[in-house]
Amino acid sequence: MTEYFLLVEYVKCIIPVMYGIFQVVLARLPNAAFYPSLASATSQDLDRAQTNMVVFVSLKVLSLKTFMLLLHRRLHFSVAHQLSFVLETAADDIQAKLAMLIPYCFFFFLDHNGVDYTFRFAWMDNT
């Protein structure tokens, strides 16, 4: 049972890391203009957001390390082996769930233009 608690802590660590990497890459792409949080952001705003993300991830990693230390002291076995065991045995399930969750979370804030039910598409008139 402890391996699943470790898995939860690991996922709580890895998702902010992936989101932080996504934000850093996205801020340098031209389609950042379609994300409301990045469209009007200055370089100082981006630096502040990245600093906040680094602090948050550091706290999550510290939480994981503390949890691993407590389990190791209490149960007297390698907690890293437990985590690697659950990541190896449940890798397909974990990857499938992350593959569905991450795009939803990352692209949720994308500014959509909506649906044109009049069927008079402005972009077709420009051609």
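In case you wondered, yes, glycine gets a Cβ from its N, Cα and C as well.
Nonlocal intrachain contacts for the transmembrane segment (7-29), taken as residues 6+ away from its ends with a CB within less than 8 angstroms of a stretch CB, comprise 35, 38, 41, 46, 49-50, 53-54, 56-57, 60-61, 63-64, 67, 83, 86-87, 90, 94, 98, 101-102, 105-106. Positions annotated as transmembrane segment by TrEMBL: 7-29 (among others).
For the transmembrane segment (49-71), the residues of the chain that approach it from at least six positions outside its boundaries are 2, 5-6, 9-10, 12-13, 16-17, 19-20, 23-24, 41, 79-80, 82-83, judged by C-beta separation under 8 angstroms. Per TrEMBL, transmembrane segment is recorded for 49-71 (among others).
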